[in-house]
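For reference, the structure discussed in these notes is given below.
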Amino acid sequence: MAAAPDLEMESMNLERERREEELEEEKMREDGDRNYPPKSKKVHRIVSKWMLPEPVRGTYLERASCLPPPVFIISISLAELAVFIYYAVWKPQKQWITLDTGILDSPFTYRPDKREESWRFLSYMLVHAGVQHIVGNLFMQLMLGIPLEMVHKGLRVGLVYLAGVIAGSLASSIFDPLKSLVGASGGVYALMGGYFMNVLVNFREMIPAFGIVRLLIIILIIASDMGFALYRRFFVPENGSPVSFAAHIAGGFAGMSIGYTVFSCFDKALLKDPRFWIAIAAYLAFVLFAVFFNIFLSPAN
């Protein structure tokens with residue numbers, strides 16, 4: 001019985017928002033506002049409902065602009081796609097479904113026996129193990145990353161994404177120290193972790209615009225991606241090369257800490273928020289421990 005008032009309240013909120021949208025569009029048409037076309041305004045309004053709790057949506061809509069465009073997430077996606085096509089087409093296996101020897105010999109792939117090449121802790125995000133792997137990652141990071149970057153801009157989204165990537169490789173070097181690592185899942189899961197923490201904290205304000213269908217689609221993508229990662233780790237054929245999946249979990253935790261703080265500070269100065277510095281301190285402590293582990297304690301030594 002308690003669910004009925006909640007559903008009625010959500011229905012009233014949606015109806016009120018619809019009326020407000022109609023009144024705003026009508027006002028723009030009457031004023032002849034050519035500097036901010038109604039279609040552009042509608043896109044930003046939809047993005048604000050996806051990404052922000054109600055109290056700060058007005059602030060976003062007042063200053064919303066597609067300049068600069070979401071350059072970071074588009075650029076990183078194009079780079080990942082280009083590297084995948086290179087290894088799928090021009091390297092020895094010349095196939096698309098599952099890549100093995102080419103990517104493991106890549107100078108980008110994280111390999112435990114090449115840990116002294118420190119760039120691999122970051123560059124592994126450019127290499128993917130097959131079509132399902134890259135399609136899942138690109139779909140999620142474009143679907144979620146573009147609206148996030150429209151709201152929070154490239155610097156903040158890039159910070160969260162790269163924090164997830166580095167956390168993923170460091171966690172893999174600790175918890176799965178003898179396995180290689182490829183894929184951008186650490187960064188993707190960081191974006192998802194930060195976003196879903198905001199949805200969780202602001203549940204009543206954000207969930208009506210979220211929709212159960214979208215939620216199910218995202219859960220399906222996560223389950224598919226995790227299933228593929230687990231397969232690559234535990235059930236890969238003998239002539240194949242198992243790949244670690246620890247980056248998914250570590251990226252999610254990075255998103256739920258740093259990502260949540262960054263994305264919840266839309267209308268605040270990030271550097272003045274004590275939560276940000278607490279999250280950064282915890283992240284740096286993890287990084288220092290991972291470096292110490294890799295130098296002195298890792299079985300890969």
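Count begins at 1; order follows the chain as displayed.
Glycine is treated like the rest: Cβ placed from N, Cα and C.
Feature annotation from TrEMBL assigns active site, nucleophile to Ser185.
Among the features that TrEMBL reports, active site is placed at His248.
Per TrEMBL, compositional bias 'Basic and acidic residues' is recorded for 13-36.
The feature domain 'Peptidase S54 rhomboid' is assigned by TrEMBL to 116-264.
As annotated by TrEMBL, region 'Disordered' applies to 1-39.
Annotation source TrEMBL lists transmembrane segment at 71-90 (among others). Packing against the transmembrane segment (71-90) from elsewhere in the chain are residues 96, 99, 102-103, 106, 108, 125-128, 134, 137-138, 141-142, 145-146, 148-149, 154, 157-158, 161, 184, 187: each is 6 or more residues past its ends and has a CB under 8 Å from a CB in it.
According to TrEMBL, the feature transmembrane segment maps to 158-175 (among others).
Residues of the same chain lying 6 or more positions beyond the ends of the transmembrane segment (181-200) and with a Cβ under 8 Å from any Cβ of it are 51, 53, 76, 80, 103, 109-110, 124-129, 133-134, 137, 140-141, 144-145, 148, 157, 160-169, 172, 206-207, 210, 218, 222, 225, 229, 243-256, 258-260, 262-264. Look at TrEMBL and you will find 181-200 (among others) tagged as transmembrane segment.
Residues annotated as transmembrane segment in TrEMBL: 212-231 (among others).
Taken from TrEMBL, the feature transmembrane segment applies to 243-263 (among others).
The transmembrane segment annotation in TrEMBL covers 275-297 (among others).
Rounded to a whole number, the distance between the Cα atoms of His248 (active site) and Ser185 (active site, nucleophile) is 6 Å. Residue environment of Ser185 (active site, nucleophile) contains 33 other Cβ atoms, counted within 10 Å of its Cβ in all protein chains.
The Cβ of His248 (active site) has 23 neighbouring Cβ atoms from other residues within 10 Å, across all protein chains displayed. Mean pLDDT, taken over the domain 'Peptidase S54 rhomboid' (116-264), works out to 83 on the 0 to 100 scale.
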